[in-house]
Amino acid sequence: MIVRSLLLAGSLLLASVVPAAHAKSDGPEIKVKEFDKVPTNPYYFEDTDTVMLSGHMAELFISTDAASTWEPLKDKDGLLFPNRYHSQSAVIYGPNRKHWATFDAAKTWREFEVPEKLIFSNEGPRPFTFHGKDPNKVIINAEECLISLCRRVTYYTTDGFKTIKKLLKNDMGCYWAVGTPVFAEGQKDLPEKLDDRIFCIWAHITPFDRTRRLIYSDTYFSDDKFRAVEIGGREIKGVNNIALIKKYLVLAASSEGTSEAAIYVSKDAVNWGRAEFYGGPKIRGGSFTVLESTNYSIQVNAASRRSRRPIGSLFTSDSAGTSFTMNVDGVNEDEKMYTDFEQVSGIQGIFLINLVDNAADVKSGQSSEKKIVSRISFDDGRTFKPLKCGDKDLHLHSITRPSNMGRIFSSPAPGLIMGVGNTGDKLKEYENGNLYVSNDAGVTWRKALDKSHKYEFGDQGSLLVAIADDGKDELLTDEISYSLNHGKDWKKAKLPHKAAAIWLTTTPDSTSLQFLLIAQGKGKSYAMSIDFSNVHERKCEEKDFERWPARLDEKGEPDCLMGHKQFYRRRKADADCFVKEKFKEPVPETEACKCTKEDFECSAGFRRNKDYDCEPDGKLKPADGKCKNPDDKFMGPSGYRMIPGDDCIKKGGVDLEKEVERPCKDVTKAPASGQIAVEKTTFETKNLNYRYLERSDTSSGDDETVILRTDDGNLFVTRDHGKTWQRGKFQEPILQYIPHKYDHDVVYLLTQGKKAYWSIDRAHSFHSFEGKLPVTRTKGTLPLFFHPDHPDWLIWIGGENCNGQKCTDLAYYSKNRGDEWDLLLRGVGKCMFAGKKDELTADDLIFCSQHEHEDPRKNLRLVSSVDQFAKTTSIHFDGKPIVGYAKMSEFIVAATKNGTELQSFTSVDGKTFAHAAFPPNYHVGAEYAYTVLDSSTHSIFLHVTDHSAQNNEFGSILKSNSNGTSYVMSLRDANRNKADYVDFEKIQVVEGVAMANIVANADEVRHKGQDKKFRSMISHNDASEWALMPPPKKDVEGHSFDCKVKDKGTEECALHIHGYTERRDSRDSMSSGSAVGLIIGVGNVGPYLTTRAESDTFMSRDAGITWHQVRKGRYQWEFGDQGSIVVIVAEEKPTKVLSYSLDEGETWTDFEFTDKEVKVEDISTVPSDTSRNFLLWARGGSPGELIAYNVDFTGLKEREKQCVLKKESPEADDYYLWSPKHPQQKSNCLFGHVSVYHRKRPEAKCYNGPKLDRLSSEKKNCECTRQDYECDYNYERQSDGSCALVKGLQPADPMKICKDDPEAVEYFEPTGYRKLPVSTCEGGHQLDHIVARPCPNKKKEFEKKHPGIGGFGIFLAIFFPVTAATAIGYWAFSKWDGKFGRIRLGESQPESLFAGNSPLITIPVAIVAGTVAVITALPLLFSSLWRSFKGYTRLSNPWGQRQRPYASRDAFAARRGEYVGVVDDEDELLGAEEFEGDDDEEV
């Protein structure tokens, strides 16, 4: 979203003063200042003669006599930021964190400082955000940086910078709720502290985090408590931007899976509503502009996102700002999204706009040149008319082609409009235009001057000034033109120097007779004051004024808008006088009108149709007791309400607010019937090939769209989940459909040839395009690839010289959805976009696997480029052959062959690939294969096939560290099939739970060729530990199983579930992304997994901790309404019955969906599992017959009302809080926290509705333990869990932070450990920051941060503890298990007095390997104890994470008295790492 303002900056240097030029008595008086550099950014303090200019090297200049004389602003260099809501206020952004503010139009300045550097960019955030009413309240936007990484820090002042306080960290922008002077005017029941309310966009993890929320506080976040903006009890997430438009707060949000943006609007900073857009394209993120708006509506231009020549659609909202109707399509805009739209200043309802007359051709690519025409509206955008100069159409240059500062066409001068353009059928280039003027607000126009000019208005419009301009600021001239009669006649005045005009400006209210011209001559620049005060001696009298009507109707009579006519007192055009009412802006007078239809807008639940009438937006709801019969009628809402602020007279006028009689056929559907509804559709096709177009959080509408391709190439589409279907009309058979990977609204259809189709509106309409070559026929090669952040960017793989399923493949790319193509590479295997904005990769990064010498018979190599291979190509691995590569989350993984070994490499930035270190003694042969399984928790799960005999494939699952460079063994002998699919599945939503099937007789399979026998395993701590699954105690009939166990599975008795390798549809899963904790699978109880035919159906409600049998035999399943409905149907056998459960599988009900038995091939619903509709895909009696049954559960009485979830009391109504268990750990902490989820109570008779934010804000962070750390760079995990330096490598340079960040005070010595990126743990064991050292030349700052202790303190610290320490050390050494000197990751210790987390071990008191270690550890002990006593328990690093200062024994010896202590750390930190001569390199 973009709110445009023209703020221009530059530089100048004052050189000398030129004497004033004495003009003739009938011309203006001109005074000149000379400059070496062009003066820029002139700013007038409103209602004063004070003007400021920005200068060279940020020097500022000031004039207090309307630009006649200038002086440097002493000792206050910087950039000027005016407060546009308080005309006397401005702030100077100065260097070196020193700034100045004025509140009296630069008469006095107040100096202030901010600890961090302020944020500033021309297109991005500004350093200061001003309050709409109180000039003393300012938000200050800063950032703190560590090396090249920066984060936002926001400050605020409420007393005009006398005091400055910190507001928030990690925000993405903060804004006052009262951000404009008129916000909340006339509103009732406003918050008590609305003037103090601040909204902030807050990202918990990264600036690109899709969970960005809009939070707010009325106490400046002083109590660390804040609330997030909600609608219907659900937080708005994915917030991108917020804008303050007159009386409106406008919020834009986005979500994964769609480019559609959601717009939310509030008029009171309390209640928010989602804006709906009718009659035009959907609003897409980054492609709409909020335009200049009114106090009673918002104007938005929504751009077409595909074309390099963008074109928009203009929408206008109702007074609530939530219902938008398209005014006109084809609005001209440029690539920066500036839009040719401007309202006429001071007059309601009139605006000028430029349209693209050939918009359809430009959008389709048939025309590369826009034909731009100008239009004007006199009725708030309801109708548009051409601008007329005589009988010719006039076209004017607008916002996309500015030539001066400020407004383009108009000023506060009533009714006077000027512009540069031409007559004819389209707008020509600026330099070919003339100057035109209108004195009746655009009704009629006349040519004022030949050629293009810059222009300005003065003395309330009685004076017009212009200077020749070529649009390039290069045309030298020594004269100006001026008119004293509204542009009818023009005179010229000589300038003292020949120069090119840069800016021509005057006071903001256009009441002055003095103008400022900034111009550039040959070698010199000028600031010229042009004063017309003496041109007319007479001041206008009352006879010289007219009562001018601001708007005229088609009959030339004064027109009404917002219930009144508008008039101005204006000087007559031919009066020979000046108004001379400086700083007195013209004020309109109004005359009330009788109410007409135009004074009403649509009320809630209604929208405008093409005839501008209000019609129901959906079904109406009658009063209780009405509409018992369909033929009845009832009195219902008219659909209209008077526009708030409209002051028309109702008496004698139209009143559309009265209720009207409506037919009952227009009402909402009847109450729930209690029945399940079924709709049947038959197709002719042997293959089942369907796809859902999923909805995202910000998707508008409520369709549930499915596309189906039949064997003959026909495409069928349903938008109501299979109740009704439409057949697509295409000229060629559809070969395949490809949904957009990152935008669920988009789908591509491919044919046998070059021709293809796309739809961006969920298959409502399709448009054709052509690739450069027919799509590839090479087996296994995908023909289309998409960019994750740019929905219109494509890579097309086309084939030439095809021989069967083998082609020479060429890759092409397009940035406009196939309108234009450019060649990437020849002889490719595959190409993909690898850049993503929330990762370290470049936006334009493309990876390709390319055959050597472009010959498909030769090996593939990996290449990449950031300029589409135009100039630069990076060849990775020195051109060695690669087996393949893949992109998983933030990782790019590649496999290469090195002799007899298969090697894996990983990159997170697309530039540098690091060799992945596999576990010791784990050799990966060249004949092995990789399968990348998952990387959702900042770790790569990799399956390495180490046994590849036909139909007996299996291997090992390895888990990487957070940068993919070091792997540990997760699970051996994991099953795989010949298609490279692996029996491994992460349970959705619930963190850390995964299931896998292993080959239990791996040795027999390897050495004796036996068939595989399987067992199922489950992990509850992200695949660090695995266990067999416990079987249910009883079967569904209440009988015991043949084997029994107590609490957990054994090799003789466990539950086993058929896995991923046996599924017919890879989209099926055992769990759901919205049904928290529910798992369903088909399997058996026993020592091994039996055949699928012998299996039964089992279900878990607690993420796999316990299971129960659902049905005897094997069933297919699907979750609906986020798990509140579970449907199962028999697999591979004829049936006419399905079963469903409304209580998470506790009880089941049978339902007969057909009267004849069919064999159900699949059961499906929307991928998010949020619908109450299902599709059963079945086979009937005749060959090739496919039957689709829509089964609709919305009529059930048990699902009639929507469930209630209140964030402030989440367990008060239909939900409860649930935390998953982690039985392989002593606590339920995983990744540093205990997760808490919202779950619907099984007994609650309601439906969930839209997807819930399942993860509760009640999440509890845990103290850090060893499980929250991994091995650091160049360290690798040992067999005992410790991290040791890789032989031959050195730790990363810890002093790099000092070199990269000049303000860094200290660095930490490497420990071998670093915190897991996903861990949110706090406190506890800080293993990554132990030994602190001062940066070079920062010794004093370091000592100030870590003060030492005196001699007496040392004596006390040594004398009293030494005896106890020695005794405890000896006792521990003799009694403990001897595991000194290591930190073990993922290792469980028995709970004992000396377990790793025992308090006696936590306090570092001489738990060491012998007497020498005890003695050398004493200084560390004493320092720790002393600092504990003094309270130095924690120091905060620049990134807000809790870190622990620490000193090694070496540091103590080298720097007596400058101890850096550690509190509550583990005994295992005290090892032998500092004895360099020792063989033991353990940490």
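All positions are counted from 1 along the displayed chain.
Glycine is no exception: its Cβ is also placed from the backbone N, Cα and C atoms.
If you check Swiss-Prot, you get these features:
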- 1-23: signal peptide (SIGNAL)
- 24-1347: topological domain 'Lumenal' (TOPO_DOM)
- N295: N-linked glycosylation site (CARBOHYD)
- 376-385: repeat 'BNR 1' (REPEAT)
- 436-446: repeat 'BNR 2' (REPEAT)
- 482-492: repeat 'BNR 3' (REPEAT)
- 716-726: repeat 'BNR 4' (REPEAT)
- N898: N-linked glycosylation site (CARBOHYD)
- N963: N-linked glycosylation site (CARBOHYD)
- 1098-1108: repeat 'BNR 5' (REPEAT)
- 1140-1149: repeat 'BNR 6' (REPEAT)
- 1348-1368: transmembrane segment (TRANSMEM)
- 1369-1399: topological domain 'Cytoplasmic' (TOPO_DOM)
- 1400-1420: transmembrane segment (TRANSMEM)
- 1421-1483: topological domain 'Lumenal' (TOPO_DOM)
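For the repeat 'BNR 1' (376-385), the list of distant contacts is 294, 297, 299, 314, 316, 327-328, 348-353, 355, 442-443, 551-552, 559, 561, 598, 612: same-chain residues at least six beyond its ends, Cβ to Cβ under 8 Å. With pairs at least 6 apart in sequence, the repeat 'BNR 2' (436-446) and the repeat 'BNR 3' (482-492) have 3 or more Cβ pairs within the 8 Å limit; the two touch.
Listed glycosylation sites: N295, N898, N963. The one with the lowest count of other Cβ atoms within 10 Å of its Cβ is N898. Distant neighbours of the repeat 'BNR 4' (716-726): 679, 681, 683, 703-710, 762-764, 1165-1166, 1171, 1173, 1175, 1188-1190, 1192; these residues of the same chain sit at least 6 beyond its ends, with a Cβ under 8 Å from one of its Cβ atoms. Taking the C-alpha positions, the distance from N898 (N-linked glycosylation site) to N963 (N-linked glycosylation site) comes to 22 Å. The distance from the Cα of N295 (N-linked glycosylation site) to the Cα of N963 (N-linked glycosylation site) comes to 52 Å. Secondary structure by DSSP for the repeat 'BNR 5' (1098-1108): 0 helix, 4 strand, 7 coil. DSSP assignment over the repeat 'BNR 4' (716-726) gives 0 helix, 5 strand, 6 coil.
Under DSSP, residues within the repeat 'BNR 1' (376-385) fall into helix, strand and coil as 0 helix, 3 strand, 7 coil. Across the repeat 'BNR 2' (436-446), mean pLDDT in this model comes to 95.
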